[in-house]
Amino acid sequence: MRMREVFELKDKDVMGRIGRLKTAHGVIETPAILPVVRPGADASRLRKFGAQIIITNAYLIYRSPELRNQARDLGVHRLLGWDGALMTDSGSYQLYEYRAIEVENSEIVRFQQEIGSDIGVPLDIPSSIYISHSRARAELDRTLNRLREARELIDDERDGMILAGTIQGSIYPDLREYAAREASRIGFDLYPIGGVVPLMEQYRYGDLVRVILHSKINLEPSAPIHLFGAGHPMVFALAVALGCDLFDSAAYALYASDGRYLSPSGTYFIEKMEYLPCSCPVCSERSPEDLRSDKDLLADHNLYTSFEEIRRIKEAIREKRLWELVQMRVRSHPSLLEGLKSAVSFADLIERFDPISKTSFFYSGPESSRRPEVIRYSNRLDRFELGGTVLITTERVLKQLNIEHDHLFLLKPPFGPYPVELSETYPVGPSEIPKTPDHEAMVVAGSNVRRLIELNPDVRFIIACEQEWKGYIGDIEKGQVEVVWV
Ligand code: GUN
Ligand code: ZN
């Protein structure tokens, strides 16, 4: 466990946060995108998009004797024409693509430090998503040995380089948890989650979410997390909501070379477009035809829209509306929706991170019924001290009937019964729900009615509500419970 304060949290929502990461070339605000810059290219043009930090591949520099010497002489910042923060990757990705590379872990780690990288990465092994558990475990053990070896070589403070400890483990939850526990034990100031590019390429977002969360479970909550290879703006909101802080993106260029026009709500093919649904400096002055004939323009648009999405996410975190943004974004693709479904099965974990009080709760689809606030409310139903007769009713029925009671609970999906005294309190009070709640909200509300009754076996309950509730609490009448259908 390391005690240096390189990462400071400014604000948070769900498991996402706005943070400040201190590097030797300045403080960067997260969530942040690191555009991938090829060795030899000029990075200075990336400023105009709002980039504060970039990433390049130290192995590709190392492999070319000319670039290697230049980088050693000038430093990697001058080599790329960039005076801001800069991360280098180690060649692990080449290892994944071509299964072999010609450099040792210790050599490439030292090289990153020599050329003045602000964040360096050991030569982790990105395991395939198709290998057996035992093989993934063996590769993970090699990765962990390399992390240990790198840790012995680099002292972040002395060497001016943050060393990152990448989490591998293929798609196996226990291996991801083990990797995170061991990497934390070795101690890093930044933890990338690796080996996930194939999951994203294949739209396996349910698996991606599980990989992220099983890694997060055993990492220090306050440590910054990099999601390796995530460059499509439509996944940023979900990934940030699960606690990812940094994204490296080659996607803006790769997609552009393939004629793909990115947007936070999905991908368009520039070949087929007649209109440009974006107001970035590229799109506001050009036609689809211009972008078809100039792939650099298309790449620029892809970057503008990616940075815009990051700003939108930050504002959502400030306003405590990130969950709602995620619900909108996952509608871009059914596989992303699957990702959110997989995330809500970790509701208890997310609940532990989510700040307690916000100003609003907008019900924006069935997943709202599994929001941390709703889970937390259900978990706290045992906190009410009740006696005598409890009336559970809806606001509308309350105005029509006059029933004697000692405690008054109002019914509001998805929370279910809440004491009238909490009407002004977050989350129940300021929650905005549609007049006709959906099935999921009614199910959760109904189950909370049952729970409240079970928790108070000596209390008499009178439930007075509309027929719509019959499908959810129709069978509840017995002994201590009387029901009045209105
Ligand atoms: N780039 C994309 N995926 C990975 C990964 O798993 N490890 C490293 N070091 N770089 C990557
Ligand atoms: Zn645009």
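In case you wondered, yes, glycine gets a Cβ from its N, Cα and C as well.
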Which range is it, out of 133-160, 357-384, 413-440, that shows up in TrEMBL as coiled coil?
133-160
Mean of the pLDDT scores, which run from 0 to 100, over the domain 'tRNA-guanine(15) transglycosylase-like' (16-334):
96
Cβ-Cβ under 8 Å from Asp89 (active site, nucleophile), same chain, 6 or more residues apart: which ones?
Ile55, Thr56, Asn57, Ala58, Tyr59, Val121, Asp248
Should Asp89 (active site, nucleophile) be counted as helix, strand, or coil on the basis of DSSP?
strand
Can you check which residues sit near Cys280 (Zn(2+) binding site), meaning Cβ under 8 Å from its Cβ, same chain, 6 or more apart in sequence, and list them in order?
Asp300, His301, Tyr304, Thr305, Glu308
Please list the recorded positions from Asp89, Cys278, Cys280, Cys283 whose Cβ falls under 6 Å of any atom in ligand 1.
Asp89
Which same-chain residues, if any, lie at least 6 apart from Cys283 (Zn(2+) binding site) yet have Cβ under 8 Å of it:
Leu276, Pro277, Leu291, His301
